[in-house]
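Per TrEMBL, the features are:
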DOMAIN    56-258  domain 'Fatty acid desaturase'
REGION    308-334  region 'Disordered'
TRANSMEM  28-47  transmembrane segment
TRANSMEM  54-76  transmembrane segment
TRANSMEM  174-192  transmembrane segment
TRANSMEM  198-217  transmembrane segment
Amino acid sequence: MDLSIKMLSEIPSVIRHHYQAGTINWPMGIYITLVHVIGIVGFTKIMECSKETLMWAFLLWPISGFGITVGVHRLWSHRSYSASFPVRLFLMLCNSIANQGSIYHWARDHRVHHKYSETDADPHNAMRGFFFAHMGWLYVKKHPEVIRAGKELDFSDLNEDPVVMFQKKLDPWFALYMCFVFPAQIAVKFWGESFWPAFFVAGALRYMLVLHFTWLVNSAAHLYGDHPYDVVSYPSENPYVSFFAVGEGWHNWHHKYPFDYAASEYGISSQFNPSKLFIDMLAAVGLVWGRKRGTAAWDMGRVRRDRDREAGVPLPKPAPRPWEVVKSNNSKQD
Ligand SMILES: [Zn+2]
Ligand SMILES: [Zn+2]
């Protein structure tokens, strides 16, 4: 496992390296650090909040989570289904509460992530370890390969969506308002909460936690879990991440079949996936349509795998993970 004391102890030298190389992304680094400071202040304000505000903060987890999973991920990054204007507008508002950069920029980075997973062109390349894939990538300037790859892909579909362009035009001010101020205004208006406790708990604390839930998909779900659909790839099936990321941790399936709107093989009865349930509910009332699935492709893949297995063809072997290579080199020296 790469999440070792050794890796943590290397953080100061990694910081020194980036400082000397001039590759620290100061504005984003300061912003992410501040987010954690006010998020931790939020912890101290929990007792000052009414039950309604705590319930509201809790509800904002799936609300802002759907803005990421149902919205910018499955709809705008992967086009795994089509959505009517009111749904796109609603998902854009949820996405702004999640405040993870504009839909346009998130989808651009995510398409690059899929095309170049675990390479220098992957914005949160898991080969560089848990911390980099989780949040370290936001503290440093993008690798030149990431910038090159971002220029090479086509984003005309995003340019043509007025909902996406509206949010991009107002970025980052609209998202900052929706993330921090709007939740507090709702609490003040509807149940008479004081502004600042609601700001710190339903805004700052909830935001910090949902950020980490999303980042777990890039870190934990790229490093720990099973690989039933593609044994060679890093992305894995991780039920814990799925819980926190409202159904987005079935990541081995997702990287194999990124066009699948469910982002998991099974339905919600066997794999926790409230994002799929929400899309299905919208489809039942005709607000979304054209939901694509990867199950037919996997049926063929499974037949091929079983046939190979019966014929004695060995399964492809994944390349050793970087920390496994380090470990075996160390044990050779011992
Ligand atoms: Zn991924
Ligand atoms: Zn994806």
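Positions of Cβ are set from backbone N, Cα and C atoms, glycine also.
All annotation found in TrEMBL is predicted automatically rather than curated by experts.
Fair warning: this is a prediction, and the values are worked out from it, not measured in the lab.
For the transmembrane segment (174-192), the residues of the chain that approach it from at least six positions outside its boundaries are 50, 52-53, 56-57, 60, 64, 93, 95-99, 101-102, 167, 198-199, 202-204, 206-207, judged by C-beta separation under 8 angstroms. With a threshold of 8 Å between CB atoms, the same-chain residues lying at least 6 positions outside the transmembrane segment (28-47) that come near it are 54, 135, 138-139, 196-197, 200-201, 203-209, 211.
When Cβ-Cβ distances below 8 Å are used as the criterion, the transmembrane segment (198-217) is approached by residues 35-36, 38-43, 45-46, 49, 53-54, 56-57, 60-61, 64-65, 68, 98-100, 133-135, 179-181, 183-184, 186-188, 241, 244-246, 248-249, 251 of the same chain, each at least six residues removed from its ends.
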